[in-house]
Amino acid sequence: MSSSQTLVVKLGTSVLTGGSRRLDQSHIVELVRQCAKQHEKGHRIIIVTSGAIAAGREYLNYPDLPATIASKQLLAAVGQSALIQVWKQLFAIYGIHIGQMLLTRADIEDRERFLNARDTLHALLDNKIIPVINENDAVATAEIKVGDNDNLSALAAILGGADKLLLLTDIEGLYTADPRSNPDAKLIPEVFDINDELRQMAGDSVSGLGTGGMATKLQAATVAGRAGIDVVIAAGVKPDVISKVIDNEPVGTLFHGLKSPLETRKRWIFGAPVAGVIIVDNGAEKAIKEQGSSLLPKGIKEIKGDFSRGCVIRIQSLQGKDLAHGVAHYNSDALRLIAGHHSQEISQILGYEYGSVAVHRDDMIVS
């Protein structure tokens, strides 16, 4: 068995409906079987599901509604609960729990909400619960919509620290031309660089129910790839497609992620304005420099400046030496209260807890 992987599986409307106007229950059963099989092997599966509007239409027996945003949001509100019930009932067959997360762009772009969403996602995964993510279409406006579930799945992959992102659709992958209209179209098995030529090859969605086409899948592959995540575009009807991706078998089109995503992250953390300084004791200094450890509240001696959770801060020694840059897991007021205390005391002192660390080692670049 391959070592444990985190895989985001994005299921488009065309995959969930089979191109029809209703959910294809038999195909969803098969996709759940594949996900459950990998979950039982120890892999961490995150599902990004489309289909809420299609499910709402079916549930309400195809009402004749005007093509307005309000009508779509009505269908999404009704359909989302119906859709999540389908996932819940099917995974329950395998004794697997799911957890629903509804996101908007604001949850991603606001750093504090980003951290909250990330913590929730990791908590679900750590407790062997499969997250089922969708955009919150019932309330999202154009200003706060991610816009399509392809890009949402890329953001979910980054939130979840995924190894791979699988975009399941109604064609085999990226072709040199539209295979539905051009018999000479050839499948492109591997992509190392997404350039303008590739973008010109991308066609448009034809299902009518979805919001994403090949162009949005290339956008998603670009976003995830910059974070070092491999992306596969493949046909949802391909037998055992999820297992094949986990096992690195050739299927669809593989977009290779950057091999050194840490460099991108390092540039972001070092490039971000420093909002404050955390002074640490000698023990914390040694743990950070020699062991690459997270910074615990116990090792904090002083907080300089006022900053929010999610801001980039500088970590310094008692002698004023720069030790690291990192992302604060608590705001400055909270850190002042818990400084010098054991992590077990955080919830007692603050009345809430965002975890046991002040700055996580994954969010820290040692100087």
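Glycine is treated like the rest: Cβ placed from N, Cα and C.
Under DSSP, Met214 (ATP binding site) is assigned to a helix (H, G or I) in the three-state scheme. When Cβ atoms from all protein chains are considered, those within 10 Å of Met214 (ATP binding site) total 24, not counting its own. Look at Swiss-Prot and you will find Lys10, Thr169, Asp170, Thr211, Gly212, Gly213, Met214, Ala215, Thr216, Lys217 tagged as ATP binding site.
The secondary structure of Asn149 (substrate binding site), as reduced to three states from DSSP, is helical. Of all Cβ atoms in the shown protein chains, 28 besides its own fall within 10 Å of the Cβ of Asn149 (substrate binding site). Feature annotation from Swiss-Prot assigns substrate binding site to Ser50, Asp137, Asn149.
Look at Swiss-Prot and you will find 275-353 tagged as domain 'PUA', backed by sequence analysis.
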C-beta crowding around Lys10 (ATP binding site), within 10 angstroms: 31
Surrounding CB atoms that lie within 10 Å of the CB of Asp170 (ATP binding site), all protein chains: 19
Site of maximum Cβ density within 10 Å, from binding-site residues Ser50, Thr216: Ser50
DSSP helix/strand/coil residue counts for the domain 'PUA' (275-353): 28 helix, 21 strand, 30 coil
Pairwise Cα distance for Asn149 (substrate binding site)/Met214 (ATP binding site) [Å, integer]: 12
